[in-house]
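Taken from Swiss-Prot, the feature region 'Disordered' applies to 1-37. Residues or ranges marked as compositional bias 'Low complexity' by Swiss-Prot: 9-20. Annotated domain 'Josephin' per Swiss-Prot: 36-214, in sequence order. Sequence annotations record features per position, and here Swiss-Prot assigns active site, nucleophile to Cys49 based on sequence analysis. The active site, proton acceptor annotation in Swiss-Prot covers His152 and is backed by sequence analysis.
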Amino acid sequence: MESPSARTLGNSLGDDSGNGNENGNGSGNGNTTMMPHGIYHERQTRHLCGLHALNNLFQGPDMFSKSELDDYCTTLTPRNWLNPHRSWIGWGNYDVNVIMYALQQRNCEAVWFDRRRDPHCLNLSVIFGFILNVPAQMSLGYYIPLPFHMRHWLALRRLNGSYYNLDSKLREPKCLGTEQQFLEFLATQLQMDHELFLVLDEETDCKDKSQQRWLLPQFRD
(Lines of atoms letter the chains of each structure in order from A and count residues from 1; the text may use other names and numbers.)
(Lines give C-alpha, C1' and ligand atoms only; values in the text may rest on other atoms or scores of the structure.)
Protein backbone atom coordinates (compact mmCIF):
# COMPACT_ATOMS: atom_id res chain seq x y z
CA MET A 1 0.00 0.00 0.00
CA GLU A 2 1.62 3.24 -1.13
CA SER A 3 1.63 6.40 0.95
CA PRO A 4 -1.17 8.93 0.51
CA SER A 5 0.13 12.01 -1.26
CA ALA A 6 -0.05 14.12 1.91
CA ARG A 7 2.38 11.76 3.60
CA THR A 8 5.19 11.74 1.10
CA LEU A 9 8.31 13.85 1.26
CA GLY A 10 8.79 16.30 -1.55
CA ASN A 11 12.24 17.51 -2.57
CA SER A 12 13.41 18.71 0.85
CA LEU A 13 16.64 17.30 2.25
CA GLY A 14 17.44 16.53 5.87
CA ASP A 15 20.40 18.15 7.61
CA ASP A 16 23.10 15.53 8.05
CA SER A 17 25.49 17.76 9.93
CA GLY A 18 24.03 18.19 13.42
CA ASN A 19 22.64 16.32 16.37
CA GLY A 20 19.04 17.44 16.18
CA ASN A 21 17.18 20.45 17.47
CA GLU A 22 18.18 20.63 21.11
CA ASN A 23 15.44 23.07 22.10
CA GLY A 24 12.81 20.38 21.63
CA ASN A 25 10.86 22.26 18.96
CA GLY A 26 12.23 20.41 15.96
CA SER A 27 11.94 16.82 14.89
CA GLY A 28 15.25 15.86 16.49
CA ASN A 29 16.37 14.65 13.07
CA GLY A 30 19.91 16.01 12.99
CA ASN A 31 21.17 12.90 11.19
CA THR A 32 18.95 12.76 8.13
CA THR A 33 19.58 11.61 4.60
CA MET A 34 17.69 11.61 1.34
CA MET A 35 19.01 8.49 -0.36
CA PRO A 36 19.75 8.46 -4.12
CA HIS A 37 16.61 6.36 -4.71
CA GLY A 38 14.46 9.01 -3.01
CA ILE A 39 14.03 7.32 0.37
CA TYR A 40 14.08 9.56 3.44
CA HIS A 41 16.04 8.21 6.42
CA GLU A 42 16.52 9.63 9.91
CA ARG A 43 19.38 8.22 11.96
CA GLN A 44 19.44 7.71 15.71
CA THR A 45 19.87 10.63 18.10
CA ARG A 46 19.57 10.19 21.87
CA HIS A 47 16.68 7.80 22.68
CA LEU A 48 14.40 9.20 19.97
CA CYS A 49 13.95 5.96 18.04
CA GLY A 50 10.16 6.28 18.33
CA LEU A 51 10.27 9.70 16.69
CA HIS A 52 12.64 8.50 13.96
CA ALA A 53 10.52 5.41 13.31
CA LEU A 54 7.42 7.56 12.77
CA ASN A 55 9.15 10.04 10.47
CA ASN A 56 10.83 7.24 8.52
CA LEU A 57 7.51 5.45 8.23
CA PHE A 58 5.76 8.52 6.80
CA GLN A 59 8.86 9.54 4.82
CA GLY A 60 9.08 13.12 6.00
CA PRO A 61 11.13 15.12 8.55
CA ASP A 62 8.22 17.23 9.75
CA MET A 63 5.52 14.61 10.26
CA PHE A 64 6.31 14.56 13.98
CA SER A 65 8.58 16.51 16.34
CA LYS A 66 10.00 15.73 19.77
CA SER A 67 7.89 18.45 21.35
CA GLU A 68 4.79 16.97 19.72
CA LEU A 69 5.48 13.49 21.12
CA ASP A 70 6.24 15.02 24.53
CA ASP A 71 2.84 16.72 24.39
CA TYR A 72 1.22 13.36 23.64
CA CYS A 73 2.86 11.97 26.80
CA THR A 74 1.20 14.62 28.96
CA THR A 75 -2.09 14.20 27.10
CA LEU A 76 -2.06 10.51 27.98
CA THR A 77 -0.91 11.12 31.56
CA PRO A 78 -1.17 14.80 32.66
CA ARG A 79 2.13 15.25 34.43
CA ASN A 80 5.56 16.32 33.24
CA TRP A 81 7.69 14.94 36.07
CA LEU A 82 8.25 11.16 35.88
CA ASN A 83 5.79 10.76 33.04
CA PRO A 84 5.35 6.99 32.49
CA HIS A 85 5.31 7.28 28.70
CA ARG A 86 8.85 8.60 28.18
CA SER A 87 12.33 8.76 29.67
CA TRP A 88 12.45 10.70 32.93
CA ILE A 89 15.49 12.63 31.64
CA GLY A 90 13.56 13.84 28.59
CA TRP A 91 15.54 11.99 25.93
CA GLY A 92 12.62 10.16 24.42
CA ASN A 93 12.27 6.39 24.93
CA TYR A 94 8.54 6.70 24.16
CA ASP A 95 6.28 3.76 24.95
CA VAL A 96 3.71 2.03 22.76
CA ASN A 97 0.88 4.29 23.95
CA VAL A 98 2.62 7.35 22.50
CA ILE A 99 3.33 5.58 19.19
CA MET A 100 -0.29 4.47 18.84
CA TYR A 101 -1.64 7.89 19.81
CA ALA A 102 0.69 9.58 17.32
CA LEU A 103 -0.54 7.31 14.52
CA GLN A 104 -4.14 8.18 15.40
CA GLN A 105 -3.33 11.87 14.88
CA ARG A 106 -2.45 11.00 11.26
CA ASN A 107 -5.63 8.99 10.66
CA CYS A 108 -3.82 5.68 11.10
CA GLU A 109 -4.07 2.89 13.61
CA ALA A 110 -1.62 0.30 14.88
CA VAL A 111 -2.80 -3.30 15.03
CA TRP A 112 -0.74 -5.66 17.17
CA PHE A 113 0.18 -8.85 15.30
CA ASP A 114 0.21 -12.09 17.26
CA ARG A 115 3.71 -13.44 16.74
CA ARG A 116 2.42 -17.00 17.08
CA ARG A 117 0.88 -16.56 13.64
CA ASP A 118 2.63 -17.02 10.33
CA PRO A 119 3.08 -13.59 8.66
CA HIS A 120 2.12 -15.20 5.33
CA CYS A 121 -1.48 -14.64 6.49
CA LEU A 122 -1.04 -10.87 6.03
CA ASN A 123 -2.81 -8.99 3.27
CA LEU A 124 0.13 -6.74 2.44
CA SER A 125 -1.79 -4.76 -0.17
CA VAL A 126 -3.83 -2.90 2.48
CA ILE A 127 -1.08 -2.36 5.06
CA PHE A 128 0.52 1.09 4.96
CA GLY A 129 3.63 0.05 6.88
CA PHE A 130 5.01 -1.79 9.89
CA ILE A 131 6.62 -0.87 13.19
CA LEU A 132 8.83 -3.33 15.06
CA ASN A 133 9.64 -3.09 18.75
CA VAL A 134 12.82 -4.97 19.61
CA PRO A 135 15.03 -5.38 22.72
CA ALA A 136 18.04 -3.07 22.91
CA GLN A 137 21.08 -3.82 25.07
CA MET A 138 22.25 -0.80 27.05
CA SER A 139 25.97 -0.26 27.57
CA LEU A 140 28.36 2.19 29.19
CA GLY A 141 30.36 3.50 26.28
CA TYR A 142 30.95 0.77 23.73
CA TYR A 143 32.27 -2.00 25.94
CA ILE A 144 30.48 -2.35 29.28
CA PRO A 145 26.95 -3.84 29.04
CA LEU A 146 24.48 -2.67 31.67
CA PRO A 147 22.25 -5.18 33.53
CA PHE A 148 18.98 -3.88 32.06
CA HIS A 149 17.39 -3.57 28.65
CA MET A 150 15.37 -1.00 26.78
CA ARG A 151 13.17 -1.33 23.71
CA HIS A 152 13.89 0.05 20.25
CA TRP A 153 11.37 1.19 17.63
CA LEU A 154 11.97 0.83 13.89
CA ALA A 155 9.89 1.21 10.74
CA LEU A 156 9.44 -1.13 7.78
CA ARG A 157 7.77 -0.10 4.54
CA ARG A 158 7.31 -0.86 0.88
CA LEU A 159 8.93 1.88 -1.22
CA ASN A 160 9.64 1.92 -4.94
CA GLY A 161 8.35 -1.63 -5.29
CA SER A 162 10.59 -3.19 -2.61
CA TYR A 163 10.40 -3.56 1.15
CA TYR A 164 12.89 -1.65 3.30
CA ASN A 165 14.16 -1.73 6.86
CA LEU A 166 14.21 1.95 7.90
CA ASP A 167 15.84 1.36 11.30
CA SER A 168 17.37 4.62 12.55
CA LYS A 169 20.39 2.65 13.81
CA LEU A 170 21.32 1.76 10.23
CA ARG A 171 23.56 4.08 8.23
CA GLU A 172 21.07 3.82 5.37
CA PRO A 173 17.82 1.96 4.62
CA LYS A 174 18.30 -1.75 4.02
CA CYS A 175 16.42 -3.32 1.12
CA LEU A 176 14.63 -6.48 2.26
CA GLY A 177 13.57 -7.43 -1.24
CA THR A 178 10.33 -8.82 -2.60
CA GLU A 179 7.07 -9.55 -0.83
CA GLN A 180 8.09 -13.15 -0.23
CA GLN A 181 11.51 -12.15 1.10
CA PHE A 182 9.87 -9.59 3.38
CA LEU A 183 7.47 -12.16 4.82
CA GLU A 184 10.41 -14.46 5.53
CA PHE A 185 12.16 -11.55 7.26
CA LEU A 186 9.08 -10.96 9.43
CA ALA A 187 8.90 -14.65 10.31
CA THR A 188 12.49 -14.54 11.52
CA GLN A 189 11.84 -11.42 13.61
CA LEU A 190 8.77 -12.93 15.23
CA GLN A 191 10.74 -15.96 16.37
CA MET A 192 12.66 -13.60 18.64
CA ASP A 193 11.42 -11.29 21.38
CA HIS A 194 10.13 -8.78 18.85
CA GLU A 195 6.68 -7.19 18.67
CA LEU A 196 5.13 -6.31 15.31
CA PHE A 197 2.51 -3.61 14.73
CA LEU A 198 0.67 -3.22 11.44
CA VAL A 199 -0.02 0.39 10.45
CA LEU A 200 -3.35 0.84 8.67
CA ASP A 201 -4.73 3.94 7.02
CA GLU A 202 -8.10 4.56 8.66
CA GLU A 203 -9.22 6.77 5.77
CA THR A 204 -9.32 3.76 3.46
CA ASP A 205 -9.91 0.94 5.94
CA CYS A 206 -12.57 2.38 8.25
CA LYS A 207 -15.51 0.73 6.47
CA ASP A 208 -13.95 -2.72 6.70
CA LYS A 209 -12.21 -2.44 10.08
CA SER A 210 -14.32 -5.23 11.58
CA GLN A 211 -13.50 -7.53 8.66
CA GLN A 212 -9.79 -7.77 9.49
CA ARG A 213 -8.71 -6.54 6.08
CA TRP A 214 -5.06 -6.82 7.14
CA LEU A 215 -5.50 -10.60 6.91
CA LEU A 216 -6.00 -12.59 3.74
CA PRO A 217 -9.67 -13.72 3.45
CA GLN A 218 -8.98 -17.35 4.37
CA PHE A 219 -7.39 -16.29 7.68
CA ARG A 220 -10.11 -13.94 8.95
CA ASP A 221 -12.32 -14.86 11.89
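Glycine is no exception: its Cβ is also placed from the backbone N, Cα and C atoms.
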Rounded Cα separation (Å) that holds between His152 (active site, proton acceptor) and Cys49 (active site, nucleophile): 6
Other C-beta atoms that fall within 10 angstroms of the C-beta of Cys49 (active site, nucleophile): 27
DSSP three-state assignment for the residue listed as 'active site, proton acceptor': strand
Cβ neighbour count within 10 Å of His152 (active site, proton acceptor): 21
Mean of pLDDT values spanning the domain 'Josephin' (36-214): 84
